[in-house]
Ligand SMILES: Nc1ncnc2c1ncn2[C@@H]1O[C@H](COP(=O)(O)OP(=O)(O)OP(=O)(O)O)[C@@H](O)[C@H]1O
């Protein structure tokens with residue numbers, strides 16, 4: 001095995017490889033032909049198979065594959081052809097995914113995990129584990145760390161962590177639930193999915209065993225066997241080259257066992273061929289197909305966000321991953337439709353190209369550690385220079401850092417005091433015992449101390465205990481050299497220290513930001529709540545990793561650029577919110593802003609797409625519901641007819657008896673009646689079957705609808721959050737004097753995520769302001785209304801107002817919720833038309849709050865409030881008297897005097913100190929309180 005990692009290259013396009021595996025079956029269909037050498041399979045299907053007619057008119061479907069694995073292909077061969085190349089690439093730093101697709105019972109689990117009966121039946125995962133540790137051991141000059149995670153996803157959106165050591169699992173609910181979360185930069189994070197470090201093959205196999213056991217034990221009727229759930233087993237590999245600690249290659253290797261791909265709602269082979277009516281039993285497979293189709297057709301929007309599965313596989317499909325698919329087929333006559341369907345799916349997948357590149361990153365933790373160490377050394381050096389290398393000089397003031405800042409007080413001495421000797425001995429002892437290569441011996445910056453430390457170390461090296469006496473005072477060897485040259489060096493050293501401090505600060509900031517991942521990490525790098533998440537400590541170097549190597553040797557400008565690159569969100573972030581324009585009109589009307597945002601946001605596309613699918617599903621459910629009811633009605637009609645017939649026969653028999661005849665029908669009539677009864681019974685059975693079919697379909701569609709609704713809600717929430725961040729960024733641009741002024745410019749775009757993350761684009765807040773905002777945040781939507789209010793020009797300009805909005809958390813930025821946006825009634829606050837407040841006036845009058853429609857004059861800035869529409873009468877119901885507005889005549893110099901305490905609490909965070917403006921604010925809040933009270937009433 002070669003000792004070097006493959007050198008990193010730029011992104012390369014690589015098509016997803018597709019293999020077909022045919023399961024051994026007792027009675028293979030004669031209509032399936034396969035050529036393992038040429039890699040194709042062919043299905044000959046009678047044209048009229050729907051009605052079971054066999055004729056000579058056949059249709060053939062031939063599908064080519066990258067490789068065909070015949071029924072007699074052993075597990076070893078499958079591993080060598082399918083997974084080994086992907087595993088080797090993963091050791092070089094490329095992400096990899098192997099996934100199995102096919103109907104229930106076609107051999108997916110056998111392929112991915114393997115059979116349990118014979119050692120030779122081990123599947124891809126255990127074989128990959130063995131090969132991984134063997135290859136890693138053979139690659140000398142590199143160290144590898146391996147972590148494992150194992151996720152099970154049942155139905156559409158619920159994910160469970162299968163690796164929960166030490167917990168007794170009896171049901172699925174006993175396993176920790178896993179959620180996916182997208183961060184500001186668009187990266188997916190798995191929350192609650194644990195990652196376990198495995199240093200040996202045995203530990204890794206134990207983890208696999210634990211996960212598989214939990215999977216079986218936690219089976220419920222809902223996810224019976226593996227047919228209904230997807231499982232993702234992931235090997236997280238971290239490789240470092242000896243001597244280049246800060247550069248790390250991280251890759252993820254997923255093994256995915258998908259749920260059975262069979263469909264419901266088939267209406268015969270012909271329809272199935274066209275994939276018209278058929279629906280997957282498992283909704284997330286439907287979404288997976290949507291993603292595949294979008295990628296294959298090169299659509300601009302790929303709906304990854306529709307399901308947990310597609311989000312987890314985002315990088316594997318169309319992203320930075322070497323992906324291989326195994327299409328599993330059971331070549332039996334009764335499965336021919338599903339087999340063709342599986343092959344069609346594989347053909348689509350085969351047309352998808354991924355862009356693969358080595359994941360080489362700077363390990364920020366290591367960089368910070370190295371910088372800190374270097375800094376400490378520099379400080380020592382600085383202090384030493386400062387002290388002029390004074391021979392025998394000793395400062396009694398402690399830290400070397402102080403010296404670096406210009407401390408003095410050196411005394412001319414020739415020997416250490418006893419206390420100093422004691423401290424030094426302990427320092428040397430600790431230094432010697434610390435196994436860390438980063439350990440420092442931080443002695444006082446004086447040659448006296450340094451020499452004494454050397455003497456101690458020498459003594460220890462020669463066998464003397466460190467507790468022994470420090471040899472006599474070292475002779476003064478360093479002459480004072482505080483000339484001009486030393487001053488220059490001192491200055492430049494101080495600058496280096498400051499720069500490095502700054503670097504440490506920036507890197508720590510990045511690290512903290514990435515710390516979102518401490519709850520979870522990149523979708524492909526799940527976190528371990530107990531052990532350090534692998535992705536949380538690094539940032540991606542510029543593809544080939546060339547930027548990483550020379551960080552410390554760069555000029556200050558280059559370093560600044562590097563720092564900016566580190567801070568900027570990755571350019572590969574999929575579907576960012578639209579660029580932030582700066583527009584007065586948008587800032588003034590959030591609903592308009594929201595419309596503008598929706599028109600350009602990919603998240604809105606996702607919502608629209610969801611709604612379209614949901615609508616279609618509703619239609620389907622409605623049609624199925626009608627079918628169910630109709631079938632039920634027909635059954636009861638048939639039963640009633642049967643009853644009537646039986647009754648008629650009984651009556652006729654009675655009549656015959658009464659008329660003196662026998663009660664028995666003649667034979668022909670008996671036969672006719674019996675035949676009639678049979679026919680009616682058969683009809684009832686037929687209707688019952690139709691009823692059951694429709695009912696089952698209805699149930700499946702309802703389950704789909706539930707999943708879709710949940711996904712829709714998530715997408716709506718996302719859209720809302722995106723909008724809030726986007727709006728806050730625009731407001732921050734306004735506050736910063738129009739930083740984002742270039743409409744849709746990249747400068748504007750760059751501010752959006754930063755502002756959303758509450759970074760420096762937001763105007764700085766005083767501690768008091770921050771404190772004041774807290775209660776308003778708790779007030780939820782009330783704050784939202786307040787933050788969107790118009791202000792008189794004299795009290796607060798737009799810039800200030802926007803600055804406040806930007807400084808507020810997104811949820812407090814006065815933005816309409818999605819629901820309220822859809823149902824919002826329009827209220828206009830017209831200051832100029834507001835009736836003068838009086839104690840007798842209704843609160844609505846007093847504030848100028850009134851129901852639309854009157855459009856205010858051009859000079860008056862209208863504001864739509866995101867409140868549910870209420871009839872004007874509800875604004876001031878007799879049962880809910882509003883707090884009286886402060887009378888203008890009695891306006892004291894303190895605008896808050898006499899204000900309702902609740903009103904005051906709500907308004908307080910906005911008070912400006914300007915009495916006139918504050919009076920407006922109090923008035924507004926008083927009116928608003930009345931309005932809210934009215935609505936509640
Ligand atoms: N290549 C094979 N050689 C021997 N036995 C196989 C092979 N493939 C599958 N089997 C057997 O066929 C049965 C069904 O296979 P498996 O459980 O892997 O199907 P599956 O596609 O994973 O189904 P599900 O969707 O329910 O998980 C198992 O008993 C398995 O051992």
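In case you wondered, yes, glycine gets a Cβ from its N, Cα and C as well.
According to TrEMBL, the protein has these features:
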{"type": "BINDING", "residues": "102, 103, 104, 105, 106, 107, 108, 109", "note": "ATP binding site"}
{"type": "COILED", "residues": "361-388", "note": "coiled coil"}
{"type": "COMPBIAS", "residues": "525-574", "note": "compositional bias 'Low complexity'"}
{"type": "COMPBIAS", "residues": "669-682", "note": "compositional bias 'Basic and acidic residues'"}
{"type": "COMPBIAS", "residues": "753-780", "note": "compositional bias 'Low complexity'"}
{"type": "COMPBIAS", "residues": "802-817", "note": "compositional bias 'Low complexity'"}
{"type": "COMPBIAS", "residues": "870-889", "note": "compositional bias 'Pro residues'"}
{"type": "DOMAIN", "residues": "15-352", "note": "domain 'Kinesin motor'"}
{"type": "REGION", "residues": "389-412", "note": "region 'Disordered'"}
{"type": "REGION", "residues": "515-582", "note": "region 'Disordered'"}
{"type": "REGION", "residues": "656-682", "note": "region 'Disordered'"}
{"type": "REGION", "residues": "753-817", "note": "region 'Disordered'"}
{"type": "REGION", "residues": "831-850", "note": "region 'Disordered'"}
{"type": "REGION", "residues": "870-903", "note": "region 'Disordered'"}
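This view paints the features noted in TrEMBL onto the structure.
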residue: 102; record: ATP binding site; CB count, 10 Å: 30
residue: 103; record: ATP binding site; CB count, 10 Å: 23
residue: 104; record: ATP binding site; CB count, 10 Å: 20
residue: 105; record: ATP binding site; CB count, 10 Å: 19
residue: 106; record: ATP binding site; CB count, 10 Å: 29
residue: 107; record: ATP binding site; CB count, 10 Å: 23
residue: 108; record: ATP binding site; CB count, 10 Å: 29
residue: 109; record: ATP binding site; CB count, 10 Å: 21
Determine the mean pLDDT over the coiled coil (361-388), rounding to the nearest whole number.
76
CB-centroid shell, 8 A cutoff, ATP site 102, 103, 104, 105, 106, 107, 108, 109, site residues removed:
23, 100, 110, 260, 328, 330
Can you tell me how the residues of the compositional bias 'Basic and acidic residues' (669-682) break down into helix, strand and coil by DSSP?
14 helix, 0 strand, 0 coil
Where does residue 102 (ATP binding site) sit in the DSSP three-state scheme?
strand
